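Trainee: Please find one structure pasted underneath; my questions will follow.
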Amino acid sequence: MSEEIVYANLKIQDPDKKEETQKSDKCGGKVSADASHSQQKTVLILILLCLLLFIGMGVLGGIFYTTLATEMIKSNQLQRAKEELQENVFLQLKHNLNSSKKIKNLSAMLQSTATQLCRELYSKEPEHKCKPCPKGSEWYKDSCYSQLNQYGTWQESVMACSARNASLLKVKNKDVLEFIKYKKLRYFWLALLPRKDRTQYPLSEKMFLSEESERSTDDIDKKYCGYIDRVNVYYTYCTDENNIICEETASKVQLESVLNGLPEDSR
């Protein structure tokens, strides 16, 4: 009898345990299902974020590439514009240089023509207004020669020419030598270096290398100075008196003075 009671109790307890076990299984399964669903959502969110990040990086990369390409195009355009500008400036400078040379050549040609015309006018009229020399002077080659109507010592002659912004006659080139021989000058002081001894020698091109007189003027009263007599050079006391002839460089012939001096029928 007691065994039946014990069996009955065990049987009663088993259904309770079974029910508890079933409840426990249901709760555990529910929790496990919820956790799995939450993990799936998290994974999906992460995947979505990664996808968005990848898309964002792609968009940024595209923007960067487009911007870089645009800037490169602008840079190339600026470089081409700079090169074109430099080339245009170079061509303009070259054109201006060529024009300047042409103008310079034309000016030189006009100057040469004006000088030739003026020489022709001067040969007919010694005091023609185109003459590039002071009034009363003689124009020969590129120099003007003025014979002063006075006598003077060598030092006085130097000072007299200096007062006219000219210099005492000096044989410094072939043109001066030709002028002296052409004029057959007599007893005119020359701008030669004073000497301590009296001498003479023929007029020649060797005189081109003579030293300038201004370099030695101390005790000039005790020295000898040179003068020209036709084709010879003589030395006498610097305190003696001789004729004076001054020399200065001729100015440029003015084209207007030549044109105004031409006859009406030749213009």
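Glycine is no exception: its Cβ is also placed from the backbone N, Cα and C atoms.
Sharing the feature lines straight out of Swiss-Prot:
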DISULFID  CYS118-CYS130  disulfide bond
DISULFID  CYS133-CYS144  disulfide bond
DISULFID  CYS161-CYS246  disulfide bond
DISULFID  CYS225-CYS238  disulfide bond
DOMAIN    140-247  domain 'C-type lectin'
CARBOHYD  ASN98  N-linked glycosylation site
CARBOHYD  ASN105  N-linked glycosylation site
CARBOHYD  ASN165  N-linked glycosylation site
MOD_RES   TYR7  phosphotyrosine
MOTIF     5-10  motif 'ITIM motif'
TOPO_DOM  1-43  topological domain 'Cytoplasmic'
TRANSMEM  44-64  transmembrane segment
Trainee: About how far apart, in whole Å, are the alpha carbons (Cα) of ASN105 (N-linked glycosylation site) and CYS225 (disulfide bond)?
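Mentor: ASN105 (N-linked glycosylation site) to CYS225 (disulfide bond), Cα-Cα distance: 45 Å.
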Trainee: What Cα-Cα separation, expressed in whole Å, is found between CYS130 (disulfide bond) and CYS246 (disulfide bond)?
Mentor: 21
Trainee: Near CYS118 (disulfide bond), which of the recorded positions ASN98, CYS133, CYS144, CYS161, CYS225, CYS238 can be found within 10 Å, Cα to Cα?
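Mentor: Cα filter at 10 Å returns nothing.
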Trainee: Using DSSP with the three-state reduction, classify CYS144 (disulfide bond) as helix, strand or coil.
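Mentor: Going by the DSSP assignment, CYS144 (disulfide bond) falls within a strand, counted as strand.
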Trainee: If you measure from the C-alpha of CYS144 (disulfide bond), which of the recorded positions ASN98, CYS161, ASN165, CYS225, CYS238, CYS246 fall inside 10 Å?
Mentor: CYS246
Trainee: Cα distance, ASN98 (N-linked glycosylation site) to CYS238 (disulfide bond), nearest Å?
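Mentor: CYS238 (disulfide bond) and ASN98 (N-linked glycosylation site) have their Cα atoms 56 Å apart.
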